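J.: The structure is given below, and queries will be raised subsequently.
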Amino acid sequence: MQAQFIPLSEEAKVSIVTMGPGDNLYDKFGHSAFRIEDPSRGIDAIYNYGVYDFDTPNFYMKFAQGKLLYKLEGVIAQPFIDYYKDQNRWIKQQELNLTYTEKQAVFTFLNNNLKPENKYYKYDFFYDNCATKMRDVLVSVLGKDLTFTKDFASEDKTFRKLIQQNVYWNSWGSLGMDVAIGAVTDKKANSWQYQFLPDYVFQAAASATIMRDGSKTPLVNNTETIFDAPDREKGANFFSSPLFIFSLIGLLTIALTYRDSKRNKRSRVLDTIIFASSGIIGVLLCLLWFATDHSATANNYNVLWAFPFNLLVAYAVSKSSPKVWVRKYVIFLILLLLLLTIHWFTGVQEFAFAFIPLFIALAVRYIYLLKYLKAREA
C-alpha cells in the first residue's frame, strides 16, 4: 500500500480484525489489525502494526534490549487472512459503526502512518503493541465521542495472569515468562490496560459506544466470523515438563545432600554447579532489569534465588576448604529464600510453580552447607 490520500466511497467499511492464538509462544496472544474494504475503489487492505524487519542492523541485540522498532505495514487482505487460516487460527471481524467522514478520517490516519517518517514505533508488550494500536488509532480519530466501558473486564487480573491465561502453566514457555518478567506485572490491570491483548480489544470494541446526535450507539455495527477454529489444547507431555524436570533436579540434589550428611562430606561439584548456574541466571535477569528498555522485566525478584554474585562465589565453594566468609554468605542466601517466600505469599511477585521443588532443594542444600561449614570451623 502506498502512503497517499485516497478518497473512499460511501460503501467503504472499516473493521477490526482479530486473530486467535497460534501454536508458537509468540503467537499465543493472538493478533489485531485494521481492515479497509471499498469494492468500488478496488480496496481491500489490512493495516498491520505488528511488523518488524529482520534486516535491521543488530536485530537480535536490539530485540533483547527492547529497542527494536516495529512498523505499520499495509497489505492486500486476502493473503493476510489465508496466512492465519493456514495456521488454523480463528479470525473474527468487527465492522465499525462509523460515518463516512469518520471512515475517511481513519483511512487517512492509517495512510499517514504508512509514511516512512511515521510508520516506525517503539514496541512495548503491555502499552504499545499491535492490539493497543487499534484502540489508540480510534481514540485519536474519534476523540471524546468514543467511550470504552468496563463491562468486558469483570475480573480483577494482574498483567502476569493475563499473559499466562493462554499459555499452559506447566510448559517451558510459561516458565520462561515467569522467570523473565518482574513484580511490575503482578499489579492488577484496569480495563484500559487489558487491551494489550487482542481478545480484549475485541471485547472492548464490542461493548464500546460512540456518540451520535446526542445519544450513544454501539461502536460495532456487525461481527463476522471469517474463519472458525477449535480451541487449542494447553496440556503438555508431563515427563518433559518443567515440573517433572525440576522435581528430578530437586530430588537428586536432596539425595546427594543426604548422602553427604551420612558421609560427613560435601560434594564440591554439586555446590559449584548450583552457585554457577544460579549466578549466571541472576546476571541475565539483572541485564533484563537494568540494561534493557523492557518495561515488564523490572523489579524481578527471581534474583532472590538466582543471586548474581553466586557466580563469583562458585569458585570459592569449589575449594575443599572455603574461607570463613562463605558460611556467612550461605546464611545470606537462606535469608534471601525466606524473603522470596514472603514476597510470594504477600503477592509482591508470583513465581513459577514448577520451581517449588528447586526452591525446596536449594533450602535443604544451603542449610546442610551452613551446618557443614560451621562444623569445619569448630
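Cβ atoms are placed via backbone N, Cα and C, with glycine included.
The domain 'Lnb N-terminal periplasmic' feature in TrEMBL is assigned to 13-149. Under the heading domain 'Lnb-like transmembrane', TrEMBL lists 238-372. Residues or ranges marked as transmembrane segment by TrEMBL: 238-258, 270-292, 298-317, 329-345, 351-370.
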J.: Select the range from 270-292, 298-317, 329-345, 351-370 that forms the most Cβ-Cβ pairs under 8 Å with the transmembrane segment (238-258).
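T.: The stretch I would name here is 351-370.
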J.: If you average per-residue pLDDT over the domain 'Lnb N-terminal periplasmic' (13-149), what number do you get?
T.: 95
